[in-house]
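Features of the protein shown, as given by TrEMBL:
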{"type": "TRANSMEM", "residues": "A:6-22", "note": "transmembrane segment"}
{"type": "TRANSMEM", "residues": "A:43-67", "note": "transmembrane segment"}
{"type": "TRANSMEM", "residues": "A:73-96", "note": "transmembrane segment"}
{"type": "TRANSMEM", "residues": "A:117-135", "note": "transmembrane segment"}
{"type": "TRANSMEM", "residues": "A:186-211", "note": "transmembrane segment"}
{"type": "TRANSMEM", "residues": "A:231-248", "note": "transmembrane segment"}
{"type": "TRANSMEM", "residues": "A:269-292", "note": "transmembrane segment"}
{"type": "TRANSMEM", "residues": "A:312-343", "note": "transmembrane segment"}
{"type": "TRANSMEM", "residues": "A:363-381", "note": "transmembrane segment"}
{"type": "TRANSMEM", "residues": "A:387-409", "note": "transmembrane segment"}
{"type": "TRANSMEM", "residues": "A:421-444", "note": "transmembrane segment"}
{"type": "TRANSMEM", "residues": "A:456-474", "note": "transmembrane segment"}
Amino acid sequence: MNSSILIIGATLALAFYLGIRARKGQEMKLEQWAVAERNFGAFIMFVLMAGEMFSTFVFLGASGAAYRMGGPTIYIFCALTYIIPFWILPPIWRYAKKHNLLTQSDFFAKKYQSKSLGLLVAVIGVISMIPYIVLQLKGFQIIVSEASYGMISPTIAVWIGMIAVTIFVYVSGIHGSASAAVLKDILMLVVILFLGIYLPLHYFGGIQPMFETLEATKPGFLLLQDEGLSISWYISLCLIIALGQYMWPHCFGASLSSQNESALRKNAAILPLYQIVLVFILFIGFTAVLQIPNLQGANADLALFKIAKEALPPWFVGVVGAAGLLAALVPCSMLILTAATILSKNIYKAVRPNTSNEQIAKLTRIFVPIVSFVSLFFTFFGGNTMLALLTMAYSFVLQLFPPLVFSLMKKNPVSKAGASAGMVVGVALVAYLTLTEATMATLFPSAPSFIQDLDIGIVAITINAVIMLTVSVFTNKVQVSIQEADRDLEEQKMSS
Amino acid sequence: MKKLVVLLSIIPAIGSLTVINRVEPYILGLPFIVFWAAAWLILTSVCLYISSVIYEREGENE
């Protein structure tokens, strides 16, 4: 037991050391702190982007989903999620570099020539990020408590972890996250590949025998169903995830720290290969279904730890816990950094336009501990509100997709009034649908099942887009950005 | 070349959204439904990598 605690503690200490050291005597201006002066090469970009996506979800949620749902869990590694960023990130990066933009909110404000639109995007972003941080922290508590065999108090652990993250984000900014992400990725890869291969081998003599036993014990468990977890459910969910993923302010923001467009494209090309790790997560969840078949409800999320503890010695459970701990803390560090930057640069500055840039830079770092403490507060006292907010958060950020995509067009047909109206209606609709627990089936009781199984996010984003385009027909387009586009064209001709 | 790049995105997009909903045959130890989804991860990676190389070449030509 003590060996696992020792390993978890040592890993946290190492991550903290790497995070602090990442500063390397650089002068921490806001642009260096938040986006590393757009100087990250392909390797670090890869680790950073993968670092955000492989969060506690991989350790708890994904293995839990495999345990509960079976085969339909393949939605978690749908490759479409990486084709979208291949197309949208390079033009976003180019525009952000040209205009010296640091956040998603900056981008919208500049594209639509509207500070209030930027403020709207900033508020949607922060409201979505806080429950996401809370989810990581709740996962962190479960992981530490499981991996230490209940010997470390989850409350004390989450305080220590959060203080460590707060300090290295404060000191090193995005450099700290990137360094800790390298350690996290190595640990996660080792742990998941090992568990995914060893567990089926140990219990069933191989991966195929494991699947054959599963198919014999629970016929149909590996397939999509005719109703419910059906093919239309699968396609709509994959679409929603693919469109929404890079609308998260921290994913959007991290992509701005790239050195060039090519690193972003290469990154989008390599990330699907990395997702193969998630296939191994399925093996772990499926082995657990057969070996410990009685985990009910939320306990299904413990599948990975329960099976690891049954099959492996405590020191290895410690390594699993250490990987899980970093899987929570590294995304947290990116989220806190992004939330703090948005709070000072896009919300505080919007309310008090006279604040100088030096003051904003100072303020951003003051917001780091504030965001951390607010997240800790909601982790302890948030209860069900946080759960409802998290369900909404994914659909909230998705509402930013329509105005973003149109803003990348040479002649954007969307006006700032249209973009705002669409987003406001989309967000309100998501809140209403979530709170009333509506699904496509309750909205359209007589529709055929392939429509009833669609993800509810499809409704909100469609209505958002329709309102956005309709309002835009009746309001003024963003003239400035069109002139700008023409000027860009001329510049391109001049330089070539 | 632009057309090729677009095609290299459309093919994996359609492929990754397609489901072959069957367990048999097992390939590389995986039920077919899982193998199909996993295979598209690799194919998507290959397609996007070729696209990014094409982009870089065109950048050099300008």
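Just so you know, glycine gets a Cβ as well, placed from its N, Cα and C.
Cβ atoms under 8 Å from those of the transmembrane segment (A:73-96) belong to residues 62, 65-66, 102, 106-107, 110-111, 234, 237-239, 241-243, 245-246, 252, 255-256, 258, 261, 264-265, 268-269, 271-272, 275-276, 278-279, 281-282, 285, 404-405, 408 of the same chain, restricted to positions at least 6 beyond its ends. When each of the listed stretches A:117-135, A:421-444, A:456-474 is scored by C-beta pairs under 8 angstroms to the transmembrane segment (A:387-409), A:117-135 comes out highest.
At the 8 Å Cβ threshold, with sequence separation of at least 6, the transmembrane segment (A:456-474) lacks contact with the transmembrane segment (A:186-211), having fewer than 3 such pairs. Counting C-beta pairs under 8 angstroms (sequence separation of 6 or more), the transmembrane segment (A:43-67) fails to reach the transmembrane segment (A:421-444), with fewer than 3 such pairs. Taking residue pairs at least 6 apart in sequence, the transmembrane segment (A:421-444) and the transmembrane segment (A:363-381) share fewer than three C-beta contacts under 8 angstroms. Beyond its flanks by at least six residues, the transmembrane segment (A:312-343) meets 1, 3-8, 10-12, 15, 19, 30, 34, 48, 51-52, 54-56, 58-60, 102-105, 122, 125-126, 129-130, 132-133, 136-137, 139-140, 143-144, 146-149, 161-162, 164-166, 168-169, 173-174, 176-177, 180-181, 183-184, 187-188, 190-192, 195, 249-250, 253-254, 304-305, 364-365, 367-368, 370-372, 375 of its own chain at Cβ-Cβ distances under 8 Å.
Within the chain, the transmembrane segment (A:186-211) has long-range Cβ neighbours (under 8 A, six or more residues past its boundaries) at 11, 54, 58, 222, 277, 279-284, 286-287, 290-291, 304, 307-308, 311, 319-320, 322-323, 326-327. Long-range contacts of the transmembrane segment (A:231-248) within the same chain, counting only residues at least 6 positions beyond its ends with a Cβ under 8 Å from a Cβ of the stretch, are 52-53, 72, 74-75, 78, 80-81, 83-85, 88-89, 104, 128-129, 132, 224, 255, 394-395, 397-398, 400-401, 404, 450-451, 453-455, 457-458, 461.
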